[in-house]
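Trainee: One structure follows; several queries about it will come next.
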Amino acid sequence: MKFVDEAVVKVQAGDGGSGVVSFWREKFITKGGPDGGDGGDGGDVYIQADENLNTLIDYRFQRFYEAERGENGRGGNCTGKRGKDITLRVPVGTRAVDIHTNEIVAEVAEHGKKVMVAKGGWHGLGNTRFKSSVNRAPRQRTLGTKGEIREIRLELLLLADVGMLGLPNAGKSTFIRAVSAAKPKVADYPFTTLIPSLGVVSVVPEKSFVVADIPGLIEGAADGAGLGIRFLKHLERCRVLLHMIDIMPIDQSDPIQNALTIIDELEQYSEKLAGKPRWLVFNKTDLMPEEEANEKIQEILDALGWEDEYFKISAINRNGTKELCYKLADFMENLPREEEEVAEEDKVNFMWDDYHKDAIAGKDVITEEDDDDWDDCDDEDDDGHVVYVRD
């Protein structure tokens with residue numbers, strides 16, 4: 001199945017049902033009290049994480065989703081039925097972003113988590129709500145409100161422990177093939193990797209971790225150049241980054257400048273991502289004598305002012321890869337997972353939050369005098385309910 005990690009959809013919550021003006025009528029009771037019921041609330045729109053999904057391709061074909069409208073109220077103090085909610089199933093790790101405000105509306109990082117992205121409209125109030133000691137036969141009601149409409153961008157962020165980054169042809173895909181069962185395409189031309197790939201590395205049966213390989217970065221990636229910027233988001237949940245450096249590039253470029261380019265693009269993209277633990281991995285050490293390779297590596301370390309972890313490997317020959325994987329497993333075992341910020345769910349900014357309070361106070365109320373369709377009844381009407389409904 002084609003890997004799709006981004007899709008734009010329009011979601012519309014259901015409108016609220018309107019309240020009704022109604023009075024009880026039966027034999028010998030010609031002037032019964034008000035019994036108009038409230039409308040039903042509109043249905044909400046949710047997204048829910050499903051571990052059985054791994055792509056957003058379904059949302060490339062259907063772009064509009066609408067929840068059910070609430071029913072109008074009825075006589076006899078009957079409340080309208082609430083509109084049915086609608087739930088969009090998405091892969092674990094998906095977030096929803098409002099395309100107009102760029103606000104993260106929802107994020108689902110574990111299976112079964114369900115978050116609202118559009119709120120249904122409030123129900124309208126029937127005339128029973130307006131009965132008081134001075135108003136025994138109220139002819140007021142309120143209309144249901146409109147459901148919220150949002151255009152959201154669904155973004156899938158892969159869940160991996162280790163993220164790999166570097167220039168094209170640095171050897172990232174070769175490394176992931178060497179240490180896991182993943183088989184990304186490998187060739188001697190740039191941008192062989194076009195989509196992210198995941199590989200599970202099992203050091204010992206009880207120790208394993210997931211590695212994410214993304215397309216290579218180039219200068220200007222933070223401004224949209226190349227393919228890497230589109231996929232950098234997949235590294236946001238990684239616990240450690242491996243910066244792969246080719247010490248003998250096939251285009252004879254300067255490894256020092258190449259390393260600085262990656263660091264610069266990383267910092268421009270996200271300070272949080274740039275602040276994650278990052279190890280330097282010098283690849284293709286088999287292409288030159290050991291002494292010359294060590295001198296080259298030391299030259300790069302000095303130029304970068306690097307004092308943290310670094311490793312020398314040859315991914316194609318698997319030299320040094322086993323030791324690196326053991327180091328990664330031990331590091332992550334001792335590194336506590338970042339605690340997700342437990343924040344209260346963002347309150348949906350909805351224009352009708354105070355609707356009912358305003359209605360009882362006399363605002364936003366529909367009266368029969370305002371309703372072109374109302375038809376007053378005479379006292380001789382004594383059979384059943386008399387209901388006034390605005391179309």
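Glycine is no exception: its Cβ is also placed from the backbone N, Cα and C atoms.
Not my notes, these are from Swiss-Prot:
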DOMAIN    1-159  domain 'Obg'
DOMAIN    160-333  domain 'OBG-type G'
BINDING   166-173, 191-195, 213-216, 283-286, 314-316  GTP binding site
BINDING   SER173, THR193  Mg(2+) binding site
REGION    367-391  region 'Disordered'
COMPBIAS  367-383  compositional bias 'Acidic residues'
Trainee: Need one number: mean pLDDT over the domain 'Obg' (1-159).
Mentor: 90
Trainee: Rounded to the nearest Å, what's the C-alpha distance separating SER173 (Mg(2+) binding site) and GLY166 (GTP binding site)? Just drop the number here, would you?
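Mentor: Here the two Cα atoms are 11 Å apart.
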Trainee: So which one is it: of the binding-site residues LYS172, LYS284, which has the fewest other Cβ atoms within 10 Å?
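Mentor: Comparing Cβ neighbours within 10 Å for the binding-site residues LYS172, LYS284, LYS284 has the fewest.
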Trainee: Looking at the binding-site residues SER173, SER314, which one has the fewest other Cβ atoms within 10 Å of its own Cβ?
Mentor: SER314
Trainee: If one looks at the chain holding GLY166 (GTP binding site), which residues at least 6 apart in sequence have a CB under 8 angstroms from its CB?
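Mentor: Non-local contacts for GLY166 (GTP binding site): LYS172, GLY216, LEU217, HIS243, MET244, ILE245, ASP246, ILE262.
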Trainee: Count the other Cβ atoms sitting within 10 Å of the Cβ of ASN169 (GTP binding site), across every protein chain shown.
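Mentor: The Cβ of ASN169 (GTP binding site) has 23 Cβ neighbours within 10 Å.
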